[in-house]
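Novice: Let me begin by handing over the structure; questions about it come next.
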Amino acid sequence: MKPNIVISKPSRVSKGTIQLTGSKSECNRALVIEALSKGKVKVQNVSDAADAVLLAGILRGAQEVHSSLIIDHSPNEDSYEPSTMNHELKTVNIGPAGTAMRFLTAYFTLQDEEVILTGSERMKQRPIGVLVDALRELGADISYVENEGYPPLKITGNIQQSAARIAIKGNISSQYITALLLIAPNLPLGLGLEIIGDLTSRPYVEMTLAMLEQAGIKHNWTDNVISIAKQDFSETSIWVEPDWSAASYWYAIAALSDEAELFLPGLTSYSLQGDSVITEIMANFGITSQFKDGGVLLTKEPKPIIRKEFDLKKCPDLAQTIVVVCAALGHEATFTGLETLKIKETDRIAALQNELAKIGVKLIENNEAYTLDCSGKFIPEKVLFHTYEDHRMAMAFAPLAILIPEVEFEDANVVEKSYPAFWTDLEKVGFVSPPTP
Ligand SMILES: O=C(O)C1=C[C@@H](OP(=O)(O)O)[C@@H](O)[C@H](O)C1
Ligand SMILES: C=C(OP(=O)(O)O)C(=O)O
């Protein structure tokens, strides 16, 4: 039974201190680096995000798993609950964790074992062919268990590398590129990766290279070719910063409030996370970000919103947050760079269109751009939002409780994927009523 949750507006100004968990993106990279460095690199501040906890269990529990060939990390579809089941092959189920799916696909090509790598029903619809083709070109042995181009995969490790330089399309998912870069230092011949066409979500590739650098791995990025020679990791530790994508929901709350004073400890202005651009974006909505006392203080001053165009290609995970804020304020902005949204946890464009209709707002596609039509906007007394097994649908629509007296969300636990404490944090600033059965 998936419980719903009902939230309503705080009676006071949005004020408080919120300690966000570690970045899911940074943590997933750090865990793979830790595993590939054979423990020379240690991860500090491991994220509570369910995707990261699951990946840590798979990678850090590797010793235990390798000793038995019959462990299935998650027998229930869409569940994070690990348990054991008899199988001929070791099956690793990463549930809905897309980043983990992509990183592990590359990781297992280096291991001395054969695995079936699978995920939730949605994961089986999220494409992975571009990464599989690239790994096969390097010499990996990977086959599709069900549908060509999609998980589950059968991966036979111990890659016999036959090529050092390959080309890869950059416009589907940067996660494929990160997956390849993470294993590059351990590849017998190293890696030269030529990125063909546009590179989507570029800051995530930069994050990967910066984190490899922290672990002592050098790279060269000239024009569209990234090269990493075979090399050893340094003995070091990697600190996972708090999650800027999670911070975006607090910016949205501030943007929809008349006044706000929210302190988010541990966030810095020099983050590796591209989503820290939320500070600049939200400045358009009257939010000031002051970096002080080891964190960021958000304050709100009402001001007219001038910016009408937002290119979100570098920060796709902010799209829902920003689109919902604009819709709620009746700000008819245009958004570009949303091409990858259809292959994430859900088709986020369709999900946004369906749920925004509940406040009379339309998100209209027009020549690779999307524009809000707020002419029919209304504020209902109460509303039930569907969440589509997408944590960001719940968290991006939650700030609407500032304007709508009673907001209900389907499947409260959906937020666990990246921000398990989301509802309890809302409660801390006066929002939440308890989950209804
Ligand atoms: O590398 C990462 O940690 C991520 C990259 C992005 O995916 P795409 O590159 O597929 O856009 C982002 O949407 C995802 O949440 C996390
Ligand atoms: C797209 C996301 O995650 P993933 O691709 O790792 O499932 C996300 O967290 O918004």
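Using the three backbone atoms N, Cα and C, a Cβ is placed for every residue, glycine included.
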Novice: Given TrEMBL annotates Lys24, Ser25, Arg29, Ser173, Ser174, Gln175, Ser201, Lys344 as 3-phosphoshikimate-binding, which of Asp223, Asp317 belongs to that site as well?
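Specialist: Same 3-phosphoshikimate site in TrEMBL: Asp317.
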Novice: Of Arg29, Ser174, Ser201, Asp317, which recorded positions are close to Arg392 (phosphoenolpyruvate binding site), meaning a Cα within 10 Å of its Cα?
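Specialist: Within 10 Å Cα-Cα: Asp317.
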Novice: Taking every residue in the domain 'Enolpyruvate transferase' (15-426), what is their average pLDDT?
Specialist: 94
Novice: Spatially, and counting Cα to Cα, which of the binding-site residues is closest to Ser174 (3-phosphoshikimate binding site)? Options: Gly98, Arg348, Lys417.
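Specialist: Minimum Cα distance from Ser174 (3-phosphoshikimate binding site) across Gly98, Arg348, Lys417 lands on Gly98.
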Novice: What recorded positions among Arg29, Ser201, Asp317, Lys344 are found with a C-alpha within 10 angstroms of that of Arg126 (phosphoenolpyruvate binding site)?
Specialist: Lys344
